[in-house]
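Structure record follows, encoded as structure tokens.
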Amino acid sequence: MSKTIAINAGSSSLKWQLYTMPEETVVAKGIVERIGLNDSIFTIKYGEDEKYEVIKDIEDHEIAINMLLEQLTTLNIIDSFDEITGAGHRIVAGGEHFKESAIIDDKALALVDELAEFAPLHNPAEAKVIRVFQKLLPNTLNVGVFDTSFHTTMPKVNYLYSIPTEYYEKYGARKYGAHGTSHRYVAERAADMLGKPIEELKIITCHLGNGASITAVEGGKSIDTSMGFTPLAGVTMGTRSGDIDASLLQYLMGKLELTNIKDMIDILNKKSGLLGLSGISSDMRDLQNSDTEAAKIALEIFEDRVRKYIGSYVATMNGVDAIVFTAGIGENAVDIRKNIIDGLSFFGCEMDADKNNVRGEERIISTDDSKVKVLLVPTDEELMIARDVEALKK
Ligand code: AMP
């Protein structure tokens with residue numbers, strides 16, 4: 001039976017999910033962590049709750065993928081490698097070139113490499129994994145699914161920064177956004193759940209995980225999103241600051257005696273957000289379980305920034321039909337969803353406390369009378385990737 005594997009490769013990890021297509025049945029999934037470090041962890045989940053796990057040094061992605069393919073046959077999940085007819089690879093930066101998911105031939109792969117300038121930690125690892133697939137599975141169709149593609153429909157008014165235009169023209173300095181596959185998936189699901197054509201809807205999708213972004217989806221197209229040139233911009237995140245006055249960087253670099261801007265950006269990416277504010281953790285659950293003033297403020301700031309983006313996108317679209325919550329926090333944090341929506345009652349948003357009392361389940365969580373519908377939609381980027389591969393197989 002024809003199978004498609006959805007791959008999400010990081011610099012030291014490889015997450016994957018194997019589907020029988022077109023049935024969209026997940027036959028196995030797994031993760032390889034700590035690639036290139038000691039005691040890498042290799043896990044496969046399959047069948048009825050079965051699990052295979054081994055801890056050993058896995059030096060690079062090629063060894064990891066070799067191990068994966070071998071185990072898939074050893075565990076009888078596939079009969080032969082030929083069964084895997086498609087591989088969908090999540091790629092962080094697609095720039096202006098990749099407006100949709102694309103078959104990755106040598107020319108496209110060279111472009112993925114070129115775009116590493118926009119995602120230095122991600123694109124090179126992803127390109128490396130595609131090369132390994134080309135080598136080990138020469139008959140498998142490789143498809144790139146880009147985090148940025150969904151946002152390539154943004155109009156200039158929303159993607160240009162107010163800096164000299166030539167920086168955009170010469171260097172591509174603009175907003176690209178991220179999490180596009182997730183925003184696309186949940187917006188489409190929301191339209192289905194509301195029983196309306198997506199072309200007629202104004203939807204605000206809130207992907208609230210460790211990374212978080214808000215998108216304005218009008219007529220099925222992303223017209224604005226909170227992440228920017230990189231995923232550092234937008235709302236407060238687990239360890240990322242979100243929006244900040246650029247002048248503060250110069251001031252803080254002086255105070256902290258930093259001479260390399262990379263160190264400052266590192267602080268904004270890795271030591272800020274919920275972690276920096278609370279001084280406790282980047283994990284929302286830790287903050288909820290803490291009774292310190294700093295954790296409380298961090299939580300309130302998070303809710304405030306999400307609410308502000310929702311408000312601004314209501315203005316951008318001159319209205320909104322539905323607000324969608326997804327990802328770790330969006331799917332599970334009942335109180336945070338409630339607090340965000342309670343502050344938006346002025347434009348006709350009303351949460352139903354009972355319906356909202358749910359985690360990780362597709363559901364409309366606003367009252368029947370609420371003018372603006374609020375929905376919980378668990379994201380499924382892997383399924384979206386597998387679907388895109390399937391569409392390009394034809
Ligand atoms: P993600 O990046 O989508 O995996 O989301 C991770 C974030 O979701 C972390 O901040 C978690 O603390 C948060 N999260 C997961 N489960 C819950 C929960 N039950 N309540 C609140 N936050 C949660």
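Even glycines carry a Cβ here, placed using N, Cα and C.
Quick look at what TrEMBL lists:
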- N8, E381: Mg(2+) binding site (BINDING)
- K15, H207, L208, G209, N210, G211, D283, M284, R285, G328, I329, G330, E331, N332: ATP binding site (BINDING)
- R90: substrate binding site (BINDING)
- D147: active site, proton donor/acceptor (ACT_SITE)
- H179: site 'Transition state stabilizer' (SITE)
- R240: site 'Transition state stabilizer' (SITE)
Neighbourhood of ligand 1 - binding-site residues from L208, N210, D283, R285, E381 with Cβ under 6 Å: N210, D283, R285
For the residue listed as 'active site, proton donor/acceptor', nearby residues of its own chain (Cβ under 8 Å, 6 or more apart in sequence): R90, I91, V92, A93, G94, G177, A178, H179, G180, T181
R240 (site 'Transition state stabilizer') versus D283 (ATP binding site) - Cα distance in angstrom: 12
Nearest recorded site to N210 (ATP binding site) by CA-CA distance, among recorded positions N8, R240, E381: R240
Integer Å distance between the CA atoms belonging to N8 (Mg(2+) binding site) and E331 (ATP binding site): 21
Binding-site residues compared (D283, E331, E381) - highest count of Cβ atoms within 10 Å: E381
Count of other CB atoms lying within 10 Å of the CB belonging to H179 (site 'Transition state stabilizer'): 29
Cβ-based isolation winner (fewest other Cβ atoms within 10 Å) among the recorded positions R90, R240, R285: R285
Of N8, N210 (the binding-site residues), the residue whose Cβ has the fewest other Cβ atoms within 10 Å: N210
Separation of alpha carbons, R240 (site 'Transition state stabilizer') and K15 (ATP binding site) (Å): 22
Nearest of the recorded positions (N8, R240, E381) to R285 (ATP binding site), judged by Cα-Cα distance: R240
